[in-house]
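Shown next, in structure tokens, is the structure this report addresses.
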């Protein structure tokens, strides 16, 4: 079985492409079934395995398969599933085999490959991806082991390095940008659209600035109300957004919608109602919640996750010592995992040896039982049984020794000597 990771992320593709390749949560299970069965070879000797990790910054397919053409098949499947021409998608896709796939998984879970260096959200997202793949019946021995090792490595990296300290989060970056637009965030009305983890983080940072008003709009009114109450804010129905958008100076949106929920026309009307007072908008969703054309409006300052990345990277540069320490830990753990993977390659051979040996044993036992039933001397039957088993079990190694010559023969002799610890060396003439 070969490990393979196929994907795109914020390093290789802009948000405009990433949002087209993202998988909504409810689509992942059926997508896994299709991907695993159609493109990883349901007739393969070993059952193929797969998992899909889809976040704001990456969409990745983790595979374990015998199919040597899995790389091309995975890219083609991703292209067909999302209806994106292969020629458009392929230049942005990375394919990481074996140790590269292992190293990548360890780095992702440890926060080393994130836009926010050392952030912890990705670890939870990866665990969710594993849970979904397990529920879909898409995981097996190889990926299960990979992900369990991945989570252990992430825990070790975060526990023994300072990779997560003093990081500038996306939420903190959003506040910094708002402070560039408005002299005082405390004088502004802030609207949060959504009620997930990212919105909760943003609300925490903005609430610390003491805004004039904090409002949460969410599809599920009860969840939005709970979040608003945590920050002494209030909730409003999401359906009221088009008619009330003009009330807010700062709008932060991050929902799971597959289509934009804020269109150009609605924002144009809001700007007009505000008499062209500026609106600061942050779209943290992938796919995007706000139509990108909104960013062209004169009085609107629209930022996406990619835009916030520049501010985040400023804070990343100061922690390169922690990065080097984390990379060293990961490299050691990659080598350990590859050693385990190498041992797995002999499992089919060992299983076959057991099957063959057991077949020989059963055949000889059956023969012995017939002789005993016939009344033959038990001692003679046992002697014949043991002699037959001995001859048949050493027949393979003996034949191999007689077939090979030269260096191959010497290597095989050394190998056999290891099997049979008391075998005399070839230069021992004592006959013992």
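In case you wondered, yes, glycine gets a Cβ from its N, Cα and C as well.
For reference, Swiss-Prot has these:
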ACT_SITE  56  active site, nucleophile
BINDING   55, 56, 57, 58, 114, 119, 120, 121, 125  substrate binding site
BINDING   194, 195, 196, 197, 198, 199  NADP(+) binding site
SITE      104  site 'Important for activity'
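Within the set 55, 56, 57, 58, 114, 119, 120, 121, 125 that the record links to substrate, no two Cα atoms are more than 15 Å apart, and one pair reaches that distance. Taking the Cα of residue 55 (substrate binding site) as the reference point, the closest of the recorded positions 104, 194, 198 is 198. Comparing C-alpha positions, residue 194 (NADP(+) binding site) sits nearest to 56 among the recorded positions 56, 57, 104, 114, 120. Those same-chain residues not listed among 194, 195, 196, 197, 198, 199 yet with C-beta within 8 angstroms of the centroid of the NADP(+) site C-beta atoms are 192, 200, 201, 202, 254, 255. A simple way to gauge crowding: the CB of residue 195 (NADP(+) binding site) has 25 other CB atoms within 10 angstroms, across all the protein chains here.
Long-range C-beta contacts of residue 197 (NADP(+) binding site), restricted to its own chain and to partners at least six residues apart, with a cutoff below 8 Å, comprise 121, 124. If you measure from the Cα atom of residue 56 (active site, nucleophile) to that of residue 195 (NADP(+) binding site), you get 16 Å. Once Cβ contacts within 10 Å are tallied over all protein chains shown, the binding-site residues 114, 125 are led by 114.
Compared over the binding-site residues 55, 57, 120, the count of CB atoms lying within 10 A of a residue's CB peaks at 57. In this structure, the C-alpha atom of residue 199 (NADP(+) binding site) lies 16 angstrom from that of residue 125 (substrate binding site).
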